[in-house]
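Colleague: Would you mind keeping the following structure in view while I ask a few things?
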């Protein structure tokens, strides 16, 4: 048998450019004749390849817009500058007539926002409700305390992007985090260097976490694998309370994933919702499902958020991919018994009651809008205010969610990460925004020149002036700047985990799917200790 010889004839490569006349201009006739001869030779070779049945490979160098897929122009980010597609409206406010860089909402977040009115209510129910709450709400609006400086951080703490954060209800220094892989992390940011990650609880995305009301050492978690887990934080031992996929993978049409989650303290019930529009109730005392599933959103749509009213837990707020946030009464919870439908133009990422009175509602939608309803007793057909904010991006990112400051008695301050980057001294940064929902004004934008990744997950501490943020696989703790030089510390503890993971083998497909560019975090005076790296940032005293 004759040995096989590898074919050495490769197809021709043709290069397309934006213009047909990208040739060097010269006045010499000899150069023009040479170019004509070269073109004739190329056409002959192209015809020869056609005769032989070999199709040429075409490499296009034309500018192709990633938004409208047409040639002749480009759109998207170039550094910290966003270039709009001429065929589409403004990327920020979704309105035509201007570009994203000149959008009035980018210049001032309060543009077009009607401030909250200071009027006495004429509704007797609302009057009685507010009268009961007056002792809990201060009449004087306190000054905002903004945590605007990175105090400590752990880089590459998780193996996949961070999806949720939760502070411990009694220990002020414990932060819990979940990631795309289903891992549960426990970080004591007072000690910084300790790392505890439980990786055998869920098999995919951990979407939500809530502490057990009876035992602060136990935490409930809802995952996209269709299970609810109850985990002992000390031992890592977990038990499954409910499994919606007992037969395993049977195809995408039947696979159920759990997203929204909350706990009704008065009833002792854990509430979870899936990707088919159903709500499930689990008794936290017996750790078993109670009743049947109730459809609370459009069939086949994700219910991504659940929140019980802090003042009246029987009021339930839900939101989903059907462009609605809905208000329910748990005393008569059944399909079609909704109290109010809060309509949005696009997907609703989150919906929360205000932390003190529970009378306000805050929602985050994919149309780059934060919507606020000042009172649940008034007309809920339209929001009291709409604030334009950049958070319209979900691909490879955890969805952006605006959350109330749990320590703000005026119930006006919210925190949310920003998608569109800004140019800060030549570096493209994605700040974390603090917004006053009463006026729409940007109170503060928090950033660090070393954090160049997007920060979609943010959580304010319920008792301390601390902000926890999850950016890609890393966790950051922010505290207010100390203006007293004597009190100001000289170092910030930043720990790097998993520095040698990339050298051990090839990266999997999931590594490219995630926003895993933590390597952009640039630190000074790096001290390496295997297998953990510790970076100490020195700050000069003025």
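Even glycines carry a Cβ here, placed using N, Cα and C.
Just so you know, TrEMBL annotations are computer predictions that nobody has curated.
Model, not experiment: these values are computed from the prediction.
If you look up TrEMBL, you'll see 1-53, 496-542 marked as region 'Disordered'. What TrEMBL lists as compositional bias 'Acidic residues' is 21-43. Feature annotation from TrEMBL assigns repeat 'WD' to 155-188, 341-374. Sequence annotations record features per position, and here TrEMBL assigns compositional bias 'Basic and acidic residues' to 496-510. Marked as compositional bias 'Basic residues' by TrEMBL: 523-542.
For each feature listed, report its degree of burial, its nearest neighbours and the pertinent distances within the displayed model.
Modeller: Within the same chain, residues 194-199, 201-211, 216, 219, 221, 223-225, 231, 233, 396-398, 457-459, 461-464, 468-475, 477, 494-499, 501, 510, 514-516, 518, 521, 533, 535 sit at least 6 positions outside the repeat 'WD' (155-188) and bring their C-beta atoms closer than 8 Å to a C-beta of that stretch.
For the repeat 'WD' (341-374), the model's average pLDDT works out to 94.
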Colleague: For the repeat 'WD' (341-374), give me same-chain residues lying six or more residues beyond its boundaries with a C-beta closer than 8 angstroms to one of its C-beta atoms, as numbers and ranges.
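Modeller: Beyond its ends, the repeat 'WD' (341-374) has Cβ neighbours at 92-94, 116, 126, 129-130, 133, 136-137, 304-305, 307-312, 315, 317-321, 323-327, 380, 383-392, 394, 399-406, 408-409, 411, 414, 416, 435, 437.
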